[in-house]
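Undergrad: Here it is: the structure, laid out below.
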Amino acid sequence: MENLIGLLVLVPLAGAGALLCGGRRLDRGGPWLGTLAAAVSFALGVVLFADMLGKGGEERTLDVTVFQWVPVGSFRADVGFHLDQLSMTFVLLITGVGSLIHLYSIGYMAHDERRRRFFGYLNLFLAAMLLLVLADNYLLLYVGWEGVGLASYLLIGFWQHKPSAATAAKKAFLVNRVGDMGMSIAIMLMFTTFGTFAFGPVLTAADRAGEGRLTAIALLLLLAACGKSAQVPLQSWLGDAMEGPTPVSALIHAATMVTAGVYLVTRSGAVFEGAPDAQTAVVTVGAVTLLFGAIVGCAKDDIKKALAGSTMSQIGYMILAAGLGPVGYVFAIMHLVTHGFFKAGLFLGAGSVMHGMNDEVDMRRYGGLRKYMPVTFVTFGLGYLAIIGFPGLSGFFSKDKIIEAAFAKGGTEGWILGGAALLGAAITAYYMTRVMIMTFFGEERWRPAPSPDEPSAEPAAGDRAGGMPHPHESPRTMTIPMIVLALGSVFAGGLFSVNDAFLKWLEPVTGHEEGNSPLGALTVTAATMAVLVLGVALAWAQYGRRPVPATAPPGSALTRAARRDLLQDDFNHVVLVRGGEHLTRSLVYLDHKLVDGVVNGTAASVGGLSGRMRRLQNGYVRSYAVSMFGGAAVLIAATLLMRAV
Amino acid sequence: MSHAAAVHRLWTEFPTAAAVDAPKKIPAPHIEYAQLSPTLIVLGAAVLAVLVEAFLPRRARHLTQLALSVVGLAAGFAAVVALAAKGYGTGKAHAAAMGAVAVDGPALFLQGTILLVALVAVLGFAERRLDPAAHGRPVDSFAAQAAAVPGGDAEQEAVKAGRTTSEVFPLLLFAVAGMLVFPAADDLLTLFVALEVFSLPLYILCALARRKRLLSQEAAVKYFLLGAFSSAVLLFGIALLYGYSGTVAYSGIADVVSGAVRTMDPALAATTGNDALLLIGGAMVLMGLLFKVGAAPFHMWTPDVYQGAPTPVTGFMAAATKVAAFGALLRLLYVVLPGLRWDWRPVMWGVAILTMLVGAIVAVTQTDVKRLLAYSSIAHAGFILAGVIAVSPDGVSSVLFYLGAYAFVTLGAFAVVTLVRDAGGEATHLSKWAGLGRRSPLVAAVFAVFLLAFAGIPLTSGFAGKFAVFKAAAAGGAVPLVIVGVVSSAVAAFFYVRVIVLMFFSEPKGDGPSVAVPSPLTSTAIGIGVAVTIALGVAPQYFLDLAGQAGVFVR
């Protein structure tokens, strides 16, 4: 079994290597090869899972040290894997959803000339993400962390000929750097505090370190999580990341990579529990982001950006739950898994719609598509019901628990967090209903493609010539993954909740405490249902009963701000870019005047000294001999002197 | 009075019958030929090479000499490896040949290094494609006829006849043989003989340049005069040390220094144990060795000689002499004078600091690439001295490693210098090197690698060596020395990088030099230099371990 863990990472890595280095020979078979690699690692994951199920709850952890990576003195960084229930959950999610999305991409990318490279990047992502969740120490986790960042950068910018895609990739990369810096400093602090990076020793010793230290480490880890998971204040990259191909948005920017922050917080639970201030910061970030993302999601007309806002918001829920401590860890991960199903399904549905609509992304140009794309409609609809928390579907079980746990925090804080979570649920129902109605219901607001010679945003299948779109159902390779994910969206939450199965599965790793909500479980559920109905009704009133205008109305100040992502870029520009420019300018000034002055002065004096000393080298052998004689005399005198003193 | 009587006993006592018979009873010295085989093989090859000069026709000599030298040096290296494999470097280390020559780890390591360096250097000696052929015959870097007056009729005649000085090969072999003994010498007389054996051929080699002969001869005369001066001082020091201890054997002197010996030769009773003799004699011997390593203030010959000597000779001399001389210096300080370290360490501190600073600072204003490399070698001598002063096993191994690393960088760098030429031969003025990177990117890149190694940039052998040496010095308590070393390295980095900037970021001049296409000989030499530089930089641990195993002197 131990060897299988290594293979789990190696198979997609080998796939990536083969696809990226293999050259044109693999152009034809490349997509299938990549999909095969993903499927093999899923199969390995299932085997490991079955093996794990065969053992008792406490013996399920598997630790493997592959080799010593950097042994320098007391500094030990090993390449080692740690497979427990938490990483197992991620392995299955990553490889399972990953395989489905590979399959989907075969159809979606069928007409792209560079699809071999695309699948290579996808495999690279899988390998890095698996390394991230399987690492047994923070340094190796960091390798995976950077690896997924790289894959994300490459895939966002996959259509690099589009300036917007190239810029979006750069933006994602830069914003992630901020978070990664937090990660690297946190790791350094860990080493100075605990003398190691391995999860085991760090987490068991966490309660012995001072609270100040722990708070610093935890806040830095939170910064890292914010970067990777697009949480406020490092959220700005996620919307733009939708420039990447839709399967990428589904896999990386919805189901897996962006949830790495939740994994990090959950995995480092002991650190956060020792630092209550940091935990407060975590729940604040979560609560703010879940509202932020939801509000942005309401205003976007671009279907993928609306879904991106939704992703941000849902991860906000998870971060909030993870920040609550043992009360919330299990529900954070459970929501993460169910979200992985329904959000990936929604993105694939969106991709399918775009596929049939000449790559149109503006929902104001959709409408009435349910007749033309029945499979997409049904699967998207099930995902929709799941995300808004329709009773009995996945989202209902996981989100409801988080809201309950938020109230259980107690005191004013509990009311604020619970209120925010509840409000978020209402907004979620609103914007998702809006997406659903604008896309699949109402009259057909289609429009011919702007001009045929303009390079198409997504070189997907079908007639790309101008003219009216002819919506059609997507090929089988695309619909099958959508169907599978829809099934997951419907049943996963229920399965997890039967007998508290998921709770019992994860509890040995994360621990669990039952929260006692001041409201009681039933009240919370009732309230959630109420706001759900409210949100759906409001959306219906606005978009279902009235025709949707083909151009967006001016809207209120809040709407306008939300369309601009609540002014995140303006804020970044004014505060960070301008501030950075000023800082650079003053540093350059200092460098010129102060540093260069010292440097040039030193250089000039060395040069002058050199010129003077050079004159001693006059070419006359007699003066050389004299200097040698003098030198010998001094040498002897000095030796004698040393004895004398 | 009894002393005086004892001193003159030889003359006052009438030889008895037993004394007359004595010569018969002197046992033949016991020589372990197998353990001396590296030196003996090279010496044998040198003697054969002289015979080749005497009996073979001119046309056949070049190839024969080259083959003989390569085979001799390679066989010598094989002998070193065989000795090391048999454990003479570690467990079986001892003093061979009646205590005259040590066979131990440092000796074998340094002998191996010298032989490898010589093997590479001999390729440069044999290069005949760089200069245009004179009267249809290929020529090498050496004068057609060394004895002919520069510019005279005899010279022209010799050039016309297509003569070459193929004696350089036996000279090289003799020098190598001396260098092999030098770091292994275990008594002062052997030390002196070895010094002369390798110095005299070098003096001659320096005078043999084909181009710029006057400069070359001037360099040789300077080198000879100053070398003779330093040899005299060394010899005087040996005499004083003998007077102090009554023996020339290292271990014997060390015993006297540490006070372990109670019996003394009555003839020397007046001087034995006189610390003034020890200190002055020790300082004089030190000075002789410091001259050879090119440490300040005994460094002044270096730039003139490096510039004037034929470049292949400069490369060989800079690399191999330094290895041999530092080996001898290490042995002297670690075996003979360890009991005296509180006396010599402060003095050596001063020498090391002065050497590093002088080398680095004066190099800043140099305009000739060979002189630049000469000053760079002075600065490096200072860095190595910092490791010598550590007086610890780590110090020894770091110095051994540094010497190996430095030798190959130097060889490679001077080999590149031979390639850049204009009508007057090698174009050594730095202004001519401007823009070389545009015209000959490969040659410029290779030279840049060597310069970076000199500067001690990571992933080159220079960094690993410098790091090891400074680490050993700091561990030995010489932190100020390390600080001076790092500052000098920074100064030195300036002029190395300046050359790189000159090569790659300056406009090439219209009448700039051309890069000659060398034969495989020089290419091989440069290739080995680059390979060793990078190998020792990327994976230094194996070689550091090797040097570490070889770090114990026999006593």
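Note that the numbers count up from 1, one per residue, in the order the chain is shown.
From the backbone N, Cα and C atoms, a Cβ is placed for every residue, glycine too.
This is the feature table in TrEMBL:
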type: DOMAIN; residues: A:69-119; note: domain 'NADH-Ubiquinone oxidoreductase (complex I) chain 5 N-terminal'
type: DOMAIN; residues: A:135-417; note: domain 'NADH:quinone oxidoreductase/Mrp antiporter transmembrane'
type: REGION; residues: A:448-473; note: region 'Disordered'
type: TRANSMEM; residues: A:32-50; note: transmembrane segment
type: TRANSMEM; residues: A:87-106; note: transmembrane segment
type: TRANSMEM; residues: A:118-135; note: transmembrane segment
type: TRANSMEM; residues: A:181-202; note: transmembrane segment
type: TRANSMEM; residues: A:214-234; note: transmembrane segment
type: TRANSMEM; residues: A:246-266; note: transmembrane segment
type: TRANSMEM; residues: A:278-299; note: transmembrane segment
type: TRANSMEM; residues: A:372-394; note: transmembrane segment
type: TRANSMEM; residues: A:414-432; note: transmembrane segment
type: TRANSMEM; residues: A:478-498; note: transmembrane segment
type: TRANSMEM; residues: A:518-541; note: transmembrane segment
type: TRANSMEM; residues: A:621-642; note: transmembrane segment
Undergrad: Can you check how the pLDDT averages out over the domain 'NADH-Ubiquinone oxidoreductase (complex I) chain 5 N-terminal' (A:69-119)?
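TA: Value for the domain 'NADH-Ubiquinone oxidoreductase (complex I) chain 5 N-terminal' (A:69-119), mean pLDDT as a whole number: 88.
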Undergrad: Counting Cβ pairs closer than 8 Å, which of A:214-234, A:246-266, A:278-299, A:372-394 has the most of them with the transmembrane segment (A:518-541)?
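TA: It is A:372-394, which has the most Cβ pairs under 8 Å.
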Undergrad: Using DSSP, how many residues of the domain 'NADH-Ubiquinone oxidoreductase (complex I) chain 5 N-terminal' (A:69-119) fall into helix, strand and coil, respectively?
TA: 29 helix, 13 strand, 9 coil
Undergrad: Look at every Cβ pair spanning the transmembrane segment (A:278-299) and the transmembrane segment (A:621-642), keep those 6 or more apart in sequence, and say whether at least 3 of them are under 8 Å.
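TA: Between the transmembrane segment (A:621-642) and the transmembrane segment (A:278-299), which are separate recorded stretches, there is no contact, as judged by 3 or more close Cβ pairs.
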Undergrad: Are the transmembrane segment (A:621-642) and the transmembrane segment (A:372-394) near each other by the rule of at least 3 C-beta pairs under 8 angstroms (pairs 6 or more apart)?
TA: no
